[in-house]
């Protein structure tokens, strides 16, 4: 069955974004928008879900949904297997882009910048507050590698459970966090007739420059 996509659209009428509402630096505005999303968005939407895009050595982009697990004035933190496809891509090309979309609020935030590993202490601190199943999974799963079937994954998990039957698992060396150090952050607010509000912050030296972009 062929479905027409031409008429699939919604009009955005909830709110606007003016320079008067926007602080001089982007972190305060992100904190405000993120708090709004946590209060407003309902399941299945996760306020901290984001698309993270990386690039491989051939220049081909790859993207996936991850969860934001840390935010401070340094940047935006997420965790993964360092030996995964994204980990290998970041090792070769340490730059990434993130996109948050909060449909109820009709808002989007795009973030671009350089990516660095967090300290082992930061990785361990987050690892230790994860559910036990997730901690075991970080050891069991050879992320991004080809496996025969689901049964193989279950066997790997059983072996990991047996390995740590008498002790708590430590954070694996191949697992940990990345922090995106933003060089550009764009705030997008949906508006009627596709004439959206776009406020862009770009890092120039040590200062943030704020500018409006045409929709």
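Just so you know, glycine gets a Cβ as well, placed from its N, Cα and C.
Summarising the annotation, Swiss-Prot assigns substrate binding site to 9, 10, 11, 12, 69, 126, 130, 134, 194, 195, 196 and lists sequence analysis as the type of evidence. The FMN binding site annotation in Swiss-Prot covers 64, 65, 66, 67, 68, 69, 79, 80, 86, 108, 143, 144, 188, 198 and is backed by sequence analysis.
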Q) Could you state the CA-to-CA distance between residue 66 (FMN binding site) and residue 130 (substrate binding site) to the nearest Å? A) 15
**Q.** Close in space, distant in sequence - residue 79 (FMN binding site), Cβ under 8 Å, 6 or more apart
**A.** 69, 123, 126, 127, 175, 176, 177, 178
Q) Looking only at Cβ atoms, how many others are within 10 Å of the one on residue 86 (FMN binding site)? A) 24
(Q) On a C-alpha basis, identify the one among 68, 86, 143, 188 that is nearest to residue 130 (substrate binding site); the candidates are the binding-site residues. (A) 68
Q. C-alpha of residue 68 (FMN binding site) to C-alpha of residue 9 (substrate binding site): distance in Å?
A. 28
Q) Near residue 196 (substrate binding site), how many other Cβ atoms are within 10 Å of its Cβ? A) 18
Q) Which of the listed binding-site residues (9, 69, 130) has the least company, meaning the fewest other Cβ atoms within 10 Å of its Cβ? A) 9
Q. Hey, does DSSP put residue 64 (FMN binding site) in a helix, a strand, or just coil?
A. strand
Q. Using a Cβ-Cβ cut-off under 8 angstroms and a sequence gap of six or more, which residues of the chain neighbour residue 64 (FMN binding site)?
A. 51, 52, 86
Q: Measuring Cα to Cα, tell me the gap between residue 194 (substrate binding site) and residue 188 (FMN binding site) in whole angstrom.
A: 11
